[in-house]
Structures are given as structure tokens and as C-alpha cells.
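Asker: Structure incoming, see below.
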Amino acid sequence: MSAVPSLRHLLLLRPHLRFIALSTPSSPFLSYAPSHHFPPSSLRILSSSSSPTLTQEEADEAVGKGSSLIDVNPPRGTRDFPPDDMRLRNWLFQNFREVSRILSFEEVDFPVLESEALFIRKAGEEITQQLYNFEDKGGRRVVLRPEITPSLARLVIKQGKSVSLPLKWFTIGQCWRYERMTRGRRREHYQWNMDIFGVSKVRGEAELIQAVVLLFERLGINSSDVGIRVSSRKVLQAVLQMYAIPENLFTQVCVIVDKLGKITREEIEKELLSLGVSIEAVNGIIEVLSLKSLSKLEEVLGSEGEAVSELKKLFSLAESYGYADWICFDASVVRGLAYYTGIVFEAFDREGKLRAICGGGRYDRLLSTFGSEDISACGFGFGDAVIVELLKDKGLLPGLAHKVDDIVFPLDEELDGTASRIASSLRKKGRSVDLVEDKRLKWVFKHAERIGASRLILVGNSEWERGAVRVKNLSTREEFEVKIDELD
Ligand code: HAM
């Protein structure tokens, strides 16, 4: 080991130290803050009041020759998007946008940083335990949003009577959850959300499910790869009524039974019993949640209640839309978020290898939890991570190469002005142009192949004397001399 302690080494030895600014020409990767805040060549290290600080000497050593490279990985559970990944993300988002457009939804956006109060719920949901929350410099409690639905509700309340209902909004945004990571589950992910406010009938859910199915179809996924499980929280509500369980326990019961399959039945029983639910009711709930057919559900609950009638209506609409083969009734779908009140659904891979691909449902009473008048609402969130895993498994990832139209290359240094004029004029016509200089011709040809260029425009002295350039068509390998005013 080097005698000079590395930065990492120093941090290991003195974990209480907090680096706030590393701004030296010799350590560009370590610039955490604008250099004008700190004298050049200085390393400022803050420590908690009682902890010792690094001496200037130690600090100088840390940024000197002996420093090791910082960890180049992004924080655990987060991602960089180098060009290939960014192309894939853009392609996916384009599909999200296109489906939303087809269903006549308008795009909206919200800050990733929200007030913590928007996400404080008391039902014991996992999501509220996974918050990235902190106090900002003004002493306000804030969060990096774990989901977008509360922001959407906030904006609907803020816009008040100025919006005409029904409103159909979509958004694509990053969400943060301090999650235990599994395949497709990360600490940050992007979510495509489509939500409808002001439609109380199951038409709303039927439209949303069509959007999900259209998206899958556009990506090349069919109903033998993926299914959508559908149920209704009203099923559970009806069972609670059968056992005379007080209404105010409804949300907590939903959040607990959503853990079925994730924790043991005994643990679920224990949690329900501690809420005050009788053992008969616990057994009744678990029995009903195992139902996988609507007719069986009808036998248990009768045909009068909203749970059964709404589900039947949704399945009949699914026939008319033409996506009935994608959906199935499954009473075990409850969803883990407190605010759902009616139909709930989740898309899953039929091989059962991955976590839910998307999920949503009706939340008719969310606005009143924020002190406003309720408006019926439903929507879904569709993450970017699980779907990419599924596309990988199915061999459906698209080939998305970097693509430019032209490479302009001056063969002589003194022609760099001419090359700039040519590149600029082509760019003004909308062509994508890579202007290359200081390279060998062999490198330029290889580069052209790498970036999928269609033409190579060589600016050489002899042609330029005739007011022309050499143009090589890289797909046909043909080469011509083209007058500069005829180049387009
Ligand atoms: P959610 O089920 O918590 O619902 O998340 C929706 C989708 O976001 C999931 O099905 C999954 O695709 C993706 N997702 C969630 N957490 C992660 C994670 N840690 N890593 C990767 N992907 C993840 C909601 O968030 C609701 N707000 C959806 C909604 C909108 N309901 C009504 N409107």
C-alpha cells in the first residue's frame, strides 16, 4: 500500500469527516461545488463539532498524487445512462408518449422534490418507510417523491374549478424509494403514469387497461407473455362487512393482506389479529382472496354488490375493446398503497420471474385526505426497469444505433474554415453532421461505420479550387465530386 493515504483510506480511518468541496485542478472528478466558493487548491473538510478535522497537510496529501480514483459507480440502486442506455430509455418513453397521445391524454410534469406532508400516510405502507426524506436548508421537510399520484392530486386541487372534468393526464418522471433491490427493482426508477379524474364508472379503468395493452403490443409483447390481474378493493370491503369489521380498519387491512405471498400466512394472521380482526374474519378474508373466478366470487358475495357488478362490467368492456385475453380475475390483487378504493390491477409476466410490470387502480377518496373535495379518479404507474428486463428475456430489445447523416472531414488544416461552413450549411438544412478533424483518413472511415454515417464529405484542396468537395456514399461505396452549391 502507498505510504500516502488515499482519500478512501482517510475516510475509512475517519468516517465522521464530510467532504464538502474538493476543487483542485489535479482532481477534477472531485469537484463537488463551484470552485469560486473556495480558494483554489484547497480541500475543505467539515466535521461534526466535536470531531477532529483533517490537518491541511493530510488534506494536501489526500488530493495529491497518492489519491486513488473516487468510486466511479453511481450511488447504489441508481443508474447512469450512457448513450446506448439513453437511446433505449428514449425509445421506451417515446412509446409511452405515443400510447398516451393515442388515448388523448395530455402531458404534465411535477418536481421530483416534494413536500414530505404529501407522502405521510398512517396505514403502514412499505412506500412510506422507504422515503428519501430530509430537511432542506430552510428547515422544510422534503422528500424525493417515491411515486407521482400525490403530486397529481395536489395539482388537481391547485387548479380547482379551472380544469374541466374529466381530465386525462399522463407524465413520465423519476421516483425514489429506498428499496431492497431485486431484479427490476431499484432505488430510482422512471414511471409512466396515466390518470383520469372525474370518471366514476369503470370506463376509466377500461381505458387505462387498453393503454397498457397497446403499449405491450407496440413493444412486441403478447398476451401469452404477459397478463393483467384484476380485482377490486370492494371485494375486501364486502368481506369486512360480512364480519362486521369497522370501516376505519379497511385501509390497514388492505395494506396487510397485500403482503400475502411476500410474508407467511401466520405473520399476516398475527398482524390482522393485532388490529382487532377476529380469527373467523381472518380465515374468511384469506379464503375469499384465493378466488380466481368471477363466478365463484359471485357465489360468495352475491350479484348485488358493486364489487361484482363493476368487475363484470369491466370484463364485458374488455371483450368489446378486444383485450379480454390479457386480463384475468384474481382476488389476491389488493395493491400495497393505502388510497385505492375500487378496481385494482397489476401486469405480470406469465413465467413468474419478475415483479409487477405495472400497477394501478381507482382512488376516489384521495383528495379528501388532503383536505379537499373528492373527485373520482383512477390511474396506473408503469416503471421503466421491469419492462426492460422482460424485453431482454424475450429477445425484444430493439437495435438502436447512433445514427448521423454526414461526416465532414477537411483533408488539410487550412481548410478547417471551409469545412465549418459546409457543416454549418448542412446542419441548417436539418442534416446531422459530425465535423471531424486532426484524424487519419483510416480512422475517419472506421468512425463513419461506428456511427452509421451515410455520407463522408471530404474537403480537399484540389476539389475546393473548383468549388467542390468529394462525397462518398457509404452504403453504395460510390464517390462523386459535388459542387458546393449542389450539396444537400
Ligand atoms: P406502484 O405499484 O408502487 O404504484 O408502482 C407502479 C410501478 O412502478 C410498478 O409496477 C413498477 O413497474 C414501478 N416501480 C415501483 N417501484 C419500483 C422500484 N423500486 N424500482 C423499479 N420500478 C418500480 C404506484 O406508484 C402508484 N402511484 C401508481 C398509480 C398511478 N396508481 C394510480 N395512479
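Backbone N, Cα and C atoms are what each Cβ position is placed from, and that goes for glycine too.
What you see is a predicted model, and the numbers here were worked out from it, not measured in a lab.
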Asker: Can you tell which of Arg177, Arg180, Arg355 TrEMBL lists as binding L-histidine with Glu147, Ile148, Thr149, Gln191, Asp195, Arg335, Tyr339, Tyr340?
Answerer: Arg177
Asker: How many Å separate the two farthest-apart Cα atoms among the L-histidine-binding residues Glu147, Ile148, Thr149, Arg177, Gln191, Asp195, Arg335, Tyr339, Tyr340?
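Answerer: The L-histidine-binding residues span at most 21 Å between Cα atoms.
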Asker: Over the domain 'Aminoacyl-transfer RNA synthetases class-II family profile' (76-410), what is the model's average pLDDT?
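Answerer: Taking every residue in the domain 'Aminoacyl-transfer RNA synthetases class-II family profile' (76-410) and averaging pLDDT yields 96.
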Asker: Within 10 angstroms of the C-beta of Gln191 (L-histidine binding site), what count of other C-beta atoms is obtained when all protein chains are considered?
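Answerer: A 10 Å sphere around the Cβ of Gln191 (L-histidine binding site) contains 22 other Cβ atoms.
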Asker: Drop a 10 Å sphere on every Cβ of the binding-site residues Thr149, Tyr340 and tell me which sphere holds the fewest other Cβ atoms.
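Answerer: If we count Cβ atoms within 10 Å for the binding-site residues Thr149, Tyr340, the smallest count is at Thr149.
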Asker: What are the non-local neighbours of Glu147 (L-histidine binding site), defined as same-chain residues 6+ apart in sequence with CB under 8 A from its CB?
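Answerer: Listed in sequence order, they are Ile127, Cys175, Gln191, Leu337, Gly381.
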